[in-house]
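A quick write-up on the structure given underneath.
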Amino acid sequence: MAPSRLLSFILTSLLIAPSLSITLTQSSQLTTSTFDYIVVGGGTAGLVIANRLTENPNVSVLVLEAGVSDQGVIASQVPFLGPTLTPNTPFDWNYTVTPQASLNGRSFPYPRGHILGGSSSVNYMVHQVGTNEDWNRLAAVSGDSGWAWNNMRQYIQKTEKFVPPIDGHNTTGQFIPSLHGFNGEVLCSLPGGNQTIDSRVIATTQQLAEFPFNQDTMGGDHSLLGVGWMQSTDGGGIRSSSSTSYLAQANSRPNLTVLINATVLKLIQTGTSGSLKAFRSVQFANSGATSLATATGLRTVTARKEVILSAGSIGSAQILQLSGIGNAKQLSALKIPSTINNPNVGENLSDHPLLPNTFSVQSSLTFDGLLRDSNQINNAVNQWATNRTGVFSNNVANNYGFARLPPSSSIFSTTPDPAAGPTSPHWEMIFANFWFNPVVAQPATGNFMTIITVVVSPTSRGNITLASNNPFDKPLINPNFLSTPFDIFTMREAVKAIKRFAAAPAWSGFVTGPFGDAFASATTDAQIESYVRGLATTIFHPVGTASMTSAKSSAGVVNPDLTVKGAAGLRVVDASVFPFVPSSHTQGPVYLLAERASDIIKAAA
């Protein structure tokens, strides 16, 4: 069943869930236009900031979220339904990338959460924190030792609440408790249901030295390299997002106001502070318009202290440019007056390219049959609704792994190693017990296993630019995927590696071979590259469009304290400030980033 059909089925099969929080829905409901802090974006980072700043009852915070509430959105609660939330839904910004020159000119969806909780409400919930080398590199690039892992590790205790899996199985050997937090905000757990392929994946780590077992896949103080058990942001059979955790915990505070359906149009300069231009006012309107002429609820709010942009790697770069902060020449062509000429805004876009590699299998125990059968789906829905157990209480994958290219790889004769350090990975593999392919629809028959490969240390860089001066127009998103020799080489070698993985003795009698002519016939380097360029897409981990650099550097967009260069009263706190994409899934690093940002903002006040 296609994701959109599955989502429709779910929504008509369940009663609307109880509200998780109280929010305002129209600008007219605001009783004041002045707050201490205004947070633009109620997503992964923005709700962390809102929670931590309002711990002080004398500090008032307004959160402006363009999307809808997550109240009653069943699919955002059921872990297995993550893939149904994007694309082409009310919960997604429904962006597409520009035609990708290195992917045969293809354009495809670029999912971002358009809902309270942002992408933490619609992603696939994978929980990691990056490698210690990721953070140490950030400290080196920014010149701020506070971003080094020795300091950042403390925030695990504030953000993570590790809980037992929903099925209550013995987790000994599946994670390392000393690495984790058990009293933080976001629920995290190991898989709560066995899948057909789990035992075969783990057996392969014992059969092939190339793929060692990794007891804990979170990263940080422990290596990411190897294959192990996935950790997800869920607990008790329910997704845990920044909305259900950070916002829910702060929800009763009278000094916190959250307004949904509020699209920010631009930041407004409010004077100067020495040589800096101050931006403490925000203009917004009700979401849903197509232009300023059709916009309703137009309003301006002002922060006494700071405006904090947490609109994500796409939204923050777009809002800065709409406010005249960006490449003055490009903005002039769109009739946008320049306020701060910084050509770095929107540049340095970096993302992890994804390739779904599908194998035919001899098994009736994959999820393919379930996803085609409305009766099985109905049973799974009812089981989840009754006691939060069963297939739908679990993430869509249980195992994944990370690897490096061999040191002798020919690419290193011409390209410096782009990984964060010698123990950080170059690529990732994710094991799915069903047909998973964002590009090609599920066949009507057959059973499948998908091994997804992802380049996690990409050197390709793209950008975010404005299509027009209309704030309701979607920006032009060009990740420039697989445009460098290193990236295509790494994806090619990853395809070879997962073929070796699937040929291990553990898969005898189960895997019958690669599915589809393009994959099956891809044996030479040229054939594999052709296969890759025809199918690769995104795992949607964009970063870098408001990159952090040292305070003295003219490069980048924000300083180490996340203040915008050349501006006063304005910071950016989201994944856009990472100058390099972390070597892992990016949700966890954003939580840690936002926790430290909260401390920085409090200290500045």
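Each position is counted from 1, following the chain as shown.
Using the three backbone atoms N, Cα and C, a Cβ is placed for every residue, glycine included.
Automatic, uncurated: that is what TrEMBL annotation is.
Feature annotation from TrEMBL assigns signal peptide to 1-21.
Per TrEMBL, the feature domain 'Glucose-methanol-choline oxidoreductase N-terminal' maps to 35-353.
Met125 (FAD binding site) is surrounded by 25 other CB atoms, counting those within 10 A of its CB over all protein chains shown. Taken from TrEMBL, the feature FAD binding site applies to Asn123, Tyr124, Met125, Val126, Val264.
Taken from TrEMBL, the feature domain 'Glucose-methanol-choline oxidoreductase C-terminal' applies to 458-594. Model confidence over the domain 'Glucose-methanol-choline oxidoreductase C-terminal' (458-594) is summarised by a mean pLDDT of 98.
Non-local contacts of His541 (active site, proton donor) by the CB criterion (under 8 A, 6+ apart in sequence, same chain) comprise Asp351, His352, Ala575, Val581, Pro582, His585, Thr586. The annotation active site, proton donor is assigned in TrEMBL to His541.
What TrEMBL records for His585 is active site, proton acceptor.
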Does Val264 (FAD binding site) have same-chain partners at least 6 apart in sequence with Cβ under 8 Å from its own Cβ, and which are they?
Val40, Leu64, Ala66, Val282, Gln283, Phe284, Ala311, Ile319, Pro471
Which residues of the same chain, at least 6 positions away in sequence, have a Cβ lying under 8 Å from the Cβ of Tyr124 (FAD binding site)?
Gly82, Pro83, Ser232, Asn395, Val396, Ala397
Other than its own, how many Cβ atoms are within 10 Å of the Cβ belonging to Val126 (FAD binding site)?
22
Pick the one among the recorded positions Asn123, His585 whose Cβ has the fewest other Cβ atoms within 10 Å in this structure.
Asn123
